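Notes for the one structure printed next.
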Amino acid sequence: MARGRIRERLRRSHLHPFSCLRPNANNSEGPNPLQGPGFSRIVHCNQPLKHQKKPLKYCSNYISTTKYNIVTFLPKALYEQFHRLANLYFLVAAALSLTAVTPFSPLSMILPLAFVVGLSMAKEALEDWRRFAQDMKVNSRKASVHKEGGVFGYKPWQKIQVGDVVKVEKDQFFPADLLLLSTSYDDGICYVETMNLDGETNLKVKRSLDVTLPLEDDESFKNFAGIIKCEDPNPSLYTFVGTFEYERQVYPLEPSQILLRDSKLRNTSYVYGVVIFTGFDSKVMQNSTNSPSKRSKIEKKMDKIIYILLSLLVLISSISSIGFAVKIKFQMPNWEYMQPRFDNNLYDPDNPGKSGVAHLITALILYGYLIPISLYVSIEIVKVFQARFINQDIHMYDEETGNTAQARTSNLNEELGQVETILSDKTGTLTCNQMDFLKCSIAGTAYGVRSSEIELAAAKQIAMDLEEQDTQNINVSRYMKSANKEDSRGGPEIELESVITSKCENDQKPAIKGFNFEDSRLMHGHWLNEPNQEALLLFFRILAICQTAVPELNEESGMFTYEAESPDEAAFLAAAREFGFEFYKRTQSSVFISEKYAHPGRLTEREFKILNLLEFTSKRKRMSVIVQDEDGQILLLCKGADSVIFDRLSKNGRIHEETTTKHLTEYGEVGLRTLALAYKKLDEPEYSAWNNEFVKAKTSFSIDREAMLERVADMMEKDLILVGATAVEDKLQKGVPQCIDKLAQAGLKIWVLTGDKMETAINIGYSCSLLRQGMKRICITVLNSDVVAQDSKQAAKENILMQITNSSQMVKLEKDPHAAYALIIDGKSLTYALEDDMKHHFLALAVGCASVICCRVSPKQKALVTRLVKEGTKKTTLAIGDGANDVGMIQEADIGVGISGVEGMQAVMASDFSISQFRFLERLLVVHGHWCYKRIAQMICYFFYKNIAFGLTLFYFEAFTAFSGQSIYNDWYMLLFNVILTSLPVISLGVFEQDVSSEVCLQFPALYQQGTKNLFFDWYRILGWMGNGLYSSLVIFILNIVIFYNQAFRAGGQTADMAAVGATMFSCIICVVNFQMALTMSHFTWIQHLFVWGSIATWFLFLFLYGLMPPYYSGDVYKLLAEALGPAPIYWSTILLVTVACILPYLVHISFQRCFNPMDHHIIQEIKYYKKDVEDQYMWRRERSKARQETKIGFTARVDAKIRQLKGKLQKKSSTSVSRKLYAFPCRNVKSSPLFFFLVFLGKFLGFLALAFLIRFLAILCPIVVSGFIHFTESNPASYVH
């Protein structure tokens, strides 16, 4: 690269009078005002070595978003693992297993714990390593840094130091916070895109100090030196206070001279800057928060269940220890065969307390199977598979970027199914940063026949709804045609008809960027045939002239492209070019337009001298340019918000105001961004007088400079003549309206948090149907900014509180059930609304509104709003964004989703899940979230059920054998129970279970409410499964004892010993829990069949093979199945009887539920099973319509409002009453089917049968058990001990 640079001829500061004030040097001899707390930072420019020692040593430019590092991983990861109560219990149990009172060997307790904890820690390490790898991609980016002697070389971002001089080229990110020194433009202007910081796509104008402009090439930095004294690191993106000492002069610094990390250089060849803040001192990192350790609500609730089981464990262990002490004290002296041999033996009748305490430890370890140690590791395995399914979902693959969805952490899979509030960024998340010129209104005539995405989506929904109406026999189309004849102006019915037909047009993606207009009346010069030629000519010229863009010739296409400050401006210029008015050149004082059709048959090039430019600001809401044409006529050309322009029209300039207003309303209804265009002619004396005032204001250095400029601009921008209006479609990402509509039908609330100005955010709200016509808007703003400036913040705060209070009262008093409110609040107002004494009032208002839009918010405010919603509502929140400005809210939310777009990876690195397009959020939540929630919930409930059913049998047997501490099961049985025989089936449930298919999930989004209402993991269901486990344990133990007690079970008359009873009881447990698993599953794959039935087969195979081993290894189990149990019919009949008795109540329960109180998915399963969705399409569509969750946002709500309006007019014109009511789930159409009556009968029959069986069973069993137990314990209390 050659040294030096080619200087741009255009001095861009002339185009920005409001933002390009250049401060003078501060020559005062007084003390530096930047001394004291908060202003202690000193930067030696081009001398980074001075910042390697204290007190000037600052943090490095290295950043990290990981949870751990090489030092903190072991302690933090161990804390995370033993923060779980179950793991903590097993740690204590493993330690106690080293004592003499343990019923198991220490190795059998330590190895499972080490395996579970080690596997979880390895998973955490792998996920954090991925974050580290992405961090290194950012830290390893190269930047051109001055080394010495005017030589620049590339250096990784992480090695950049404070004081380094950095050269950044076009379309590169700034590696740190820099002070701008010079640019490729003569006057030090550069353009910066801050989308990663505040979400805005509009380019920001930055400018350097005049004194550093001579630093124009690499060589000029050979001897450069200076000192910067400025504020300490802080998160404020829009403020900066400091001074720059250079060549014995002190110059004040402003935010317009600061280039922030992660913003991008645009429309400028290169800039030079000196590093002020690095790494975590930079403003973007100051707005970030530490990576939190997130846990799902199910996991937190699981801890409470563990507390309950632990309490139960302590209770039965205490009962066992007390019972053991009583036996030792009063009955052991009579047991001659149990006399203690040593004085210090624990079986000492003279010291029963010591025996009881020792037995308590034994019992705590023995009954430890109530606490499922394999639960956590099984959940980890299941979540890894679920995450893999998310990663490999082909329906979430983006062909444009080649990216798939990524579950960056699997800890929160089930949380995806319980989201109630989504907080979304706008730019790059909902929109794709592209504006398309779609429609326009010129001199009262509407042009443009293409439909917006919202129109097409709404038309499709309207057509479906009209098709599904029970009142389809009413000739709606005939009425609409008659209405067309009666109302020449066209009403909502005519509009509805045109929208429906518009869906059939070929609406392909436009080949011309920024231009999606179609109307033969204006294209190809046909506008010359229109009656309003003069207005059309003026309209096109305003589009081409009223702008600040720079044209660039595309050598490949031969067309001009435009580097504009906003996408709107680029769309206007593209439209002007297509209409035949091409802007192709800009000089210091003129713009040049090539007019193709102004004079038929020849191309005319026109020069318009730029006299003044009054730029657009969020406060002014308009932009004006004063030009002089080749005939010497001076014109003011203006474009801006219609509310602002209409207030400035002259009396004779309002000819087309009424029709233009109607068109603007129509454009707004379909989500288009609108601007009004106006002009006025100026006389030379009038302009000269005004220009003198403008020059005085522009060159003023007083505090009121901006106010003076605005006042002078207002003097000029009045008495305008309306020309027309534009309608630009802010291109949403593909499928955004449909996704938002589907999420709204699923019952989710959506908030938009954006750094854009309020008007832009409102337009996007209309585009994606978060806002609609007829929705009542509540705008919370600081009404008078001057009050705040005059140090009356308390008054502003009281004003905001009053607005919130009044709005809340209005929402509460609303009686219209269809009324919908939208809350819109700006960043300044949000500052007050988030204070402790006001934030709950704000939250209450926001929750009562259908949609919430927060504008001009900083990254910190995004995080604070997210925290308020999360903590205030106690509901699951999801934050989604694509830029560095979204990192705070992504990390603060319960679930963070990053968009892996084209602008950096900061959001993805901080997220829990990443997707390529917002539309994939629908499938991530409605499909994968629904599945993961139900799988994990059912899996955990089943885990507790099987462990209670198994663990309590140990307690019953110990009580039956005088609290001896003896286990009825072989150690190998107990080891295999959780590791192999019951773990694989439950893992298959968690991985493959589906109540309905993915297509049905998307067709019936209201199914998602099962997760938000927590229907499958509430205390009713949890305690029900625990009760089922208690019942099963009682049936298994009692039936086995009664059947085998003092009864021959072999042909030779032998009675059963402990080994035979234990093996039979364990066989019953394995069959019961696996059959229960089969009844729980709704969806079977060959893997589930293999695991469920294979587990039962594996048990019998193990018992057979283990019995074939020599007695030294097999012990009491030697040939137990082959010779003792296998040939005995009573063994197999006992297993069958116990299994049926255990699962019968559950079978009765689910039969009763499906008959009398079916859940949503039960009805859908029945419809799908009998293929009613194929045979009766009308019924299927009707059920889908009934299944919608009532919503007030989305295009479905817009369609519903339109249909209500249509039906209201139908009722007036027809005697037939038409009404429509959307019912929520569950639908009840199956009640009329023969299957329904059969199920009712079957449920009643099974219920009576089960009741009769239980009564008969208890009548026979109770006397036998009571008498047998009394006789057994009195005659031989310890016969089963040895």
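Cβ from N, Cα, C; glycine included.
Per TrEMBL, domain 'P-type ATPase N-terminal' is recorded for 43-110. Summarising the annotation, TrEMBL assigns transmembrane segment to 85-101, 107-126, 305-326, 357-379, 943-960, 972-992, 1022-1046, 1058-1078, 1090-1109, 1129-1148, 1235-1266. As annotated by TrEMBL, domain 'P-type ATPase C-terminal' applies to 908-1158.
The recorded stretches the transmembrane segment (107-126) and the transmembrane segment (357-379) share 3+ CB pairs below 8 A when only pairs 6 or more apart in sequence are counted, and are therefore in contact. Within the domain 'P-type ATPase N-terminal' (43-110), the DSSP-based counts of helix, strand and coil residues read 31 helix, 3 strand, 34 coil. Regional average pLDDT for the domain 'P-type ATPase N-terminal' (43-110) in the model is 81. Segment contact holds for the transmembrane segment (943-960) and the transmembrane segment (1058-1078), given three or more CB pairs below 8 angstroms at sequence separation of 6 or more. Distant neighbours of the transmembrane segment (1090-1109): 972, 976, 980-982, 984-985, 987-988, 1063, 1066-1067, 1070-1071, 1074, 1077-1078, 1081, 1117-1122, 1126; these residues of the same chain sit at least 6 beyond its ends, with a Cβ under 8 Å from one of its Cβ atoms.
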